[in-house]
Amino acid sequence: MQQRKSASSFGRPSGTDGSDFSYRMVVDSRYTKVAKGKSRLHVLIIAQAIIHLIGGLSRFLLSTSKEGPDKLAIATVALGFISLVIGELGQRRSRENFLRLYMITSSIAFLLSTAFVVQKNSLIEVLQDMSGGEMKLFELLEIGYVVLGFLLQISTISTIITLIWNMSPPKKAS
C-alpha cells in the first residue's frame, strides 16, 4: 500500500514505467478543425439570426398599412429563419446534407432580401444620388444591411465548405 502511494505521488500512474508514451493515440488535426469550425459556424448563425431579425422588423415596421405587408418580405424572413433552423441542426448533429441545404437556403434568402431592397429602388437611387448629399438614415441602414449580410454570407459559405471538407473521411489511396 505504501509503495502505490509513493508511485502515484510522482505523477505517474501505477502499473507503468513511463515508457508507453509512444503508443498513446493522438487526435487527428481535422477533428480539431471540425470543432473550431462548428463553433465558428454557431457564431455566424447567431449573427445571421440577428441580421434577419433586424431586417424583418424594419420591413414590417416601415411597410405602409394601406398596402399591407409585402409578400416578398414575408417570404424572405420566413426562408431566412427556416434556413437558420436547418443550419443549427446541421451544425449540432454534424449532418453534411443539412449544412449544404443551409448554405443554399441562406443564400436564396439573402438574394431575396437584396431583391427586396432593390425592388423598392431605394438602393439604386441612393447609389446614384450620393453626390447630392441628402441620404436618409433608413437608406443608409438598408445599404449597410445588404453589405453586412453579403460579408456574413461569404464567411458562412467558406466556413461550411471547410467544415464539410474536414468532416468527410479522408479518401484511401488504392
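Quick reminder: no glycine exception, Cβ is built from N, Cα and C everywhere.
Annotation comment: TrEMBL describes 41-60 (among others) as transmembrane segment. Beyond its flanks by at least six residues, the transmembrane segment (41-60) meets 69-70, 73, 76-77, 80-81, 84, 87-88, 91, 106, 109, 113, 116, 138, 141-142, 145, 148-149, 152-153, 155-156, 159-160, 163 of its own chain at Cβ-Cβ distances under 8 Å.
The transmembrane segment feature in TrEMBL is assigned to 72-89 (among others).
The list of residues near the transmembrane segment (101-123) in space but at least 6 beyond its ends in sequence, with Cβ under 8 angstroms from a Cβ of it, reads 48, 52, 55, 59, 70, 72-73, 75-76, 79-80, 82-84, 86-87, 90, 138-139, 142-143, 145-146, 149-150, 153, 156-157, 160-161. Taken from TrEMBL, the feature transmembrane segment covers 101-123 (among others).
Residues 33-34, 37-38, 40-41, 44-45, 47-48, 51, 54-55, 58, 96, 99-100, 102-103, 106-107, 110, 113-114, 117, 123, 126-127 of the same chain, all 6+ positions outside the transmembrane segment (143-165), place their C-beta atoms under 8 angstroms from a C-beta of that stretch. Positions annotated as transmembrane segment by TrEMBL: 143-165 (among others).
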